[in-house]
Amino acid sequence: MQSSMWSFLQKKEGGEIEDIEKKISNAQELNKLKTSPKKKREAVVKEKVEKKEKKETKPKRKSSKKNKEEEEEEEQEEQDGEEEQEEEEEYQQQDEEIEEDINGEEEMELDENEKEKNKKKKQSLKTKENKESKSSSSSKKTIENKETKKPEKQSSKQSNNLKRLKRKKMDDDEEDEEDENKTDDNDLDDMLDDDSDNEKDSISSKDKEYKEKVLKDKEKKEKEKKEKELKEKESKEKEKKEKEKKEKEEKDKKEKELKEKELKEKELKDKKEKELKEKEKELKDKEKKEKELKEKEKKEKEEKEKEKKEKKEKELKEKEEKEKKEKELKEKELKEKELKEKELKEKELTSPKKETIDISDLFKRANAEAKSSVPTSTSKNSKTNKKQKVDHKPTATTKKPSPVLEAKQSTTTTTTTTTTSTATTISSKSISSPSKKEEKEVITSKKQVEATKVEVKKEKEKEKEKEKEDDEEEEEEEEDDDEKLEDIDEEEYEEEEEEDEEGISENEEEEEKKSTQIKSKFIKKVPISKKKGNAKTIQADLKVIGKYRPIEDAQWKKGEAVPYMVLAKTFEMMESTSSRLIIIEHLANLFRSIMLLSPKDLVMTIYLSINKIGPSYQSKELGIGEHVLIKSLAESTGRSVDVIKQELTEVGDLGIIAQNSRSTQTLMGKPTPLTIQSVFKTFQQIADLSGTGGQQKKKDLIKKLLVSCKDCETLYIIRSLQGKLRIGLAERSVLMALAKSVLVTPPIDGSGQQIFDIRKQMKQEEFEERYQNVVSKVTRAYSQLPNYDLFVPHLIAVNGIDNILSTCSLKVGIPVKPMLAQPTTGISQMLDRFSDMEFTCEFKYDGERAQIHRLPDGTTHIYTRNLEDYTQKYPDIVANVTKFVGPNVKSFILDCEAVAFDAATKKILSFQVLSTRARKSVQLSQIKVPVCVFAFDLLYLNGQSLIDEPLIKRREHLVENFIASDGVFAFAKYSNISDVNDIQSYLEEAVEGNCEGLMVKTLKEKSIYEPSRRSYNWLKIKKDYMQGMTDSLDLVPIGAWYGKGKRTGTYGAYLLACYDENNEEFQTLCKIGTGFSDEQLTTFTSQLKPHLINQPRNQFRFSDSIKPDVWFSPSCVWEVLAADLSISPVHTAASGILDPNKGIALRFPRFIRIRPDKSPEDATSSDQVVDMYQNQKINSQSSKINEKDEDY
């Protein structure tokens, strides 16, 4: 078919011989390729296709003479085209089979990357073929346009031929030699049959060279491919090896780590096992000891029981003997009676006239016996009952009424009956029961009987005289009783208006007698579970608590949130004891566990322990009202509000009621247990809520907490929301527990070893010394940085205790509690204390203590002595800061006094005038009471703390960097004097200038500033010193009595108490009723009514002899002045310190003013009361007190 096609083309162009020769050479080449593989024949096929394309592109000549021949040839060509199409289909099938075989072999050798390359090559070849087919079709179209007579069929045939040749070009893969030879032989046979035999002789040398080049190129490509493949394989193998190495290394590391962990775990297990064994041994030893103790106790009990039995047996024997003797005596008496009766009968028979005389005598005698037999306590009881109506007055000693009067009172009804009936009854009694004397006389002899008759006559005369005397005494005693009743009524009225020197009783001597009898048993209202132990029991408890293991004994695992139940149980243990040492030990153990297992929860635990949700100066408080809590409790438990209120009146503690209440509502699922984190965050949310809808949201949050509570959690959740935990824990105790926890279980140091209990490595004395040192460091550091969020991380860091004073220093914007002064009894005492020391005297201004903070960005804050933010109360001070601050000052902390000041007269006004200013949202345009700042100390300046510098240098910094401004800012007036007369005159000058007195301070030695401490390096001499007492007291009203007379409708007298910081309780100090104006009585009554409570709080300590009409929850502080202090069996302030059974009381107290700048916990402490009492003894200038003054 190929030869015919080539011949047709050559004839049409002129029958050129060269074309025929080429055709023959091509045929010969095909002949040779029968035995060659298919890849070698590709080059020949390519050359043929290129030559054919060149020929097709040449222009064709026209010949009109050969039209018929052309038509015949066209018909033949059509037939040939059909045959060629069939052959092409066969070739295509064969080619596809060959490609599949070759691809299968290549896939075994090549990787996936080479397959993708082959695919890309095939696609590129196909695209090239498509382009070539398009170019050939375009060339054919040009030829058809030139040839007018040639039909379109010829062009299609040519294109088909070209396609067939190009498809052969696509045979890229090798097939088996046998299959390829067969297909090639068939093709070559067809070509050689049509051509002449001469074609076999001529083969051009050019074709051979071309073939060799093609083969070489292919070989090169194959070599390159193989080399690439080898390189890629090697690279892959290298990567695999590297990966395997890395994996091995990682496995080795993991195995090592696992081994190390296993070793550590083994060590821990061994340690635990050792500890367990030790514990088991200890437990066994304890059990043995307990068994021995029990056996001893049993033996002792048995011995005691034996002794008791023996005693009982002895007693029984004695009783039996006594009974026998009594029986014998009774029998004797009966016999004697019988004999006597016989003798009497005989007498009656012998002497009938004397019968009337005997009966009357016996009547009178029986009447006298009846009078004497009446108990003598009836009138006494009636009088004592009357006396008990007096307000805890000791009963006056009275004479005992005569037995005759008592007998007459009991027998008046019987004497009104007829004498005959009584005479007969009495005579029968007298006959049946004669006196023992007469019986003896009858038994002895008849002479004695006659003697008895004489004695009876004498007794009759005596009884008559006694009856007359008794009648007179009866009348006198009745008059005395009436007078005494009148006196008691008068005393009741007078005692309510005027009490004695102790505030309650009238006579000190009688009180002391009564106190010696009663021994003044004070009642401290504490929970039932509260225990008080002696020193031995406390030490035993401390030893048991000291064996606490912070990890093993904890109820949660490392990294977990601390359950709130752990804190609640700790509170419960602390509430069950009154020992401060045990309380600190319990809290320190909890802190140790939290530091080791969940250190993030430590700060929140501290805040919950002191019943706060943040630093004091942030003024975030819970203080939820009782009404809201009752509603929340009712809704969460399904109980009614009225029932809860009724129980509250009986119990007095809403927390106990909540703990005992069980929810009757069904829940969809179990609530999640409370954690310290969840409780603390909920408390913060409650404190932040305000405005419309705030109360309802608060109730919802409280209900969620209560629903999740278990066991004792409810008790302390409710108390925390009320703001009163009542567990006897002061903030100082919390700091001591923190110090102990860090000392006993210190953080891991550079060595990487964790010490769980350092006490095992130290002696007890050494540990105590170090503990006291750590406590002093911790308390001082916290006084400089009173923010647990900042303080605790420094404390629990590595070497935190050693560096705590340097890391926790003053910071602007964080207020510190001010340094306070000790009161003195006079100038002489002050001079004795400051002998051989330089000191200075400052005016003590009557205002409000203020601490001004100026930040580098220009903002100003003002804080009170309680660390409350009063910036809104004093906007005038904030506005005037720029007037008194020097140009070089960027930041400072100023200690000063804000004093009410009259700018017109330039005089200081009293504190009462200052207290009329509003506390919140004060606007400059509305200020009616202007304020002047009197500065006396500088604590911080331009980024540096000055508290460790002496006062003389701090004062220099103050004067150099601040500017005095009239009516706005002034320096506290001072003088460095030492003469007694000069000090006295300077004190008088201060009093004349409306100041409270003088502040005397050390100037150089021991003159550092000590925050939150009452120091003896500062002493105060107040103007009250000249009037008698050294200093006033700040006390809290906790009870009141209703007024009478002019004071009806108000409270006439109040019960005041001081605050004991160690036990967190209020101790009574006096009953006060003087110093109040009528307006003050009405205002105080209205102000205190919202704070009424049904029962005294657990934190109140009072005597059972004090019973006010109403009780108050602590809400305000009053300044009180008194004549002096005395030991009292009635009041409980500092009880047990100066006297084991008595406290301290104020004599003649009087009200001075309200102290709005102080909270109840900032009231005068019991320790201060003791100091004032001791200083009072030293004071030689004690005032003389008028005995007629009221004791209020």
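Going from the start of the chain as shown, residues are counted 1 onward.
Cβ coordinates come from backbone N, Cα and C, glycine included.
Quick look at what Swiss-Prot lists:
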type: REGION; residues: 29-257; note: region 'Disordered'
type: REGION; residues: 280-517; note: region 'Disordered'
type: COMPBIAS; residues: 371-382; note: compositional bias 'Low complexity'
type: COMPBIAS; residues: 410-434; note: compositional bias 'Low complexity'
type: REGION; residues: 724-733; note: region 'Interaction with target DNA'
type: BINDING; residues: Glu842, Arg849, Arg865, Lys1001, Arg1014, Lys1020; note: ATP binding site
type: ACT_SITE; residues: Lys844; note: active site, N6-AMP-lysine intermediate
type: BINDING; residues: Glu897; note: Mg(2+) 1 binding site
type: REGION; residues: 1157-1192; note: region 'Disordered'
type: COMPBIAS; residues: 1162-1184; note: compositional bias 'Polar residues'
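Between the CA atoms of the residue listed as 'Mg(2+) 1 binding site' and Arg849 (ATP binding site) there is a gap of 5 Å. Lys1020 (ATP binding site) sits 8 Å from the residue listed as 'active site, N6-AMP-lysine intermediate', taking the C-alpha atoms as the reference points. Spatially close to Arg865 (ATP binding site) yet at least six residues away along the chain are Lys817, Pro818, Arg849, Gln851, Asp1157, Lys1158, Asp1162, judged by Cβ distances under 8 angstroms. Across the region 'Interaction with target DNA' (724-733), mean pLDDT in this model comes to 85. According to its DSSP assignment, the residue listed as 'Mg(2+) 1 binding site' is in a strand. Site extent for ATP: among the recorded binding residues Glu842, Arg849, Arg865, Lys1001, Arg1014, Lys1020, the largest C-alpha separation is 19 Å.
In the three-state DSSP scheme, Arg865 (ATP binding site) is classed as coil. Listed in sequence order, Met819, Leu820, Ala821, Gln822, Gln1168 are the same-chain residues six or more apart from Arg1014 (ATP binding site) with CB atoms under 8 A from its CB.
According to DSSP, the region 'Interaction with target DNA' (724-733) comprises 3 helix, 0 strand, 7 coil.
There are 23 other CB atoms within 10 A of the CB of Lys1001 (ATP binding site), with all protein chains counted.
You'll find the Cα of Lys844 (active site, N6-AMP-lysine intermediate) roughly 12 Å from the Cα of Lys1001 (ATP binding site). In the three-state DSSP scheme, Lys844 (active site, N6-AMP-lysine intermediate) falls into the strand class. Neighbour counts of Cβ atoms within 10 Å were compared for the binding-site residues Glu842, Glu897, and the top value is held by Glu842.
All protein chains considered, the CB of Arg849 (ATP binding site) has 17 other CB atoms within 10 Å. Neighbour count (other Cβ atoms within 10 Å of the Cβ, all protein chains): 21 for Lys1020 (ATP binding site).
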